[in-house]
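Student: Below are the structure tokens for one structure; questions will follow.
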Amino acid sequence: MANLVRGTRRAICLLILGLILFLSLFMTLAYPEIIRHGWPLTSCNILSSDLHTRYCCETSCDTSGCSSAPSGAALCNPLITQIDNGYSPSACAANNTACPPYVGSTCNGGDYCCSQCCSTCTSCSTTCSKDGCSTSCSSYSCNCTCCSSTSQLSCVLKCPTCYSVILSLSYMTRGRNAQQETTNFTQEFKKNQQAAEKWYVEHKQGANIRCHYNPKKLTEVSLDVSFTPYKWAIVSIFGIVPLFFSLGFLLTAYALIPLYRVANRGLTKGKEEEKGQDYSAVMTSDGLAEASPDSADEKRGEKVDSIDTRPLPRSITM
């Protein structure tokens, strides 16, 4: 019984946490896709198409060796913001003086904890059953503090080129109050230059393409409103599975098992009643068997009583 109570508490906690996790994942990942899936379909005319390039800088830091950047090295984050927003790969290709500085050089990555020093804590739990109680313990790291750090982690600044295609679109809304709208649509490809160039060729100026628009925000359009598999996989695995597991436990513990016990008691009672009826029938037949000799004697007595005991008449002699 104690194990059932503990299991129920854990199942209820898991149910609450699963419900919270499911709702948060559903509202964040799934619900926007459901809304977008219902956007009206229309035809968009491509007014212009532009293959856009930009820098997308990143850093590669020495976290394993935890080495420090040279004194006076520029901070990495301000350099990334400056290059991403102020420089263009196409301008750099046309003129070397328009290329960003510090690319490939060492920059200061700021504070970094190289290693931690932790204590070892022990957690124990006791489980009881009708055979007795047992205690199991496990160790884990706790009270961790940074015992080795640097205030200027050594990083190398890298600035690869990222690609995107920007379309200027014109479309007509649907319904009674139809109107023409013009907006921009951007398709991102990150560092995949080949995919960007292929998509750019397929979406040239003057072409008509299928598109969907947001009826509540007409400047927002999408060329594909299909569901994203990985988002629904995340919602299913981390949201729905714990929810169904806890619901299944509670349903089994408080519905299926009690119903099984009631049905089992009914079957047992029915069998006991059948055994009682069989026993009564046997006792009745035994009683009749014991009573039958007396009845036979009585019948024989009746036959004896019925014999004529009067003397026979004497024969007449002539």
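Each residue, glycine too, has its Cβ placed from N, Cα and C.
TrEMBL lists these features:
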type	residues	note
COMPBIAS	296-308	compositional bias 'Basic and acidic residues'
DOMAIN	107-146	domain 'TNFR-Cys'
REGION	271-318	region 'Disordered'
TRANSMEM	232-257	transmembrane segment
Student: Determine which residues of the chain contact the domain 'TNFR-Cys' (107-146) at the Cβ level, with the cut-off under 8 Å and only residues 6 or more beyond its ends counted.
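Tutor: For the domain 'TNFR-Cys' (107-146), the list is 2-3, 59, 61, 63, 66, 69, 73-77, 79, 152-157.
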Student: Averaged across the domain 'TNFR-Cys' (107-146), what pLDDT does the model get? Just tell me the whole number, please.
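Tutor: Here the predicted model's pLDDT, averaged over the domain 'TNFR-Cys' (107-146), is 90.
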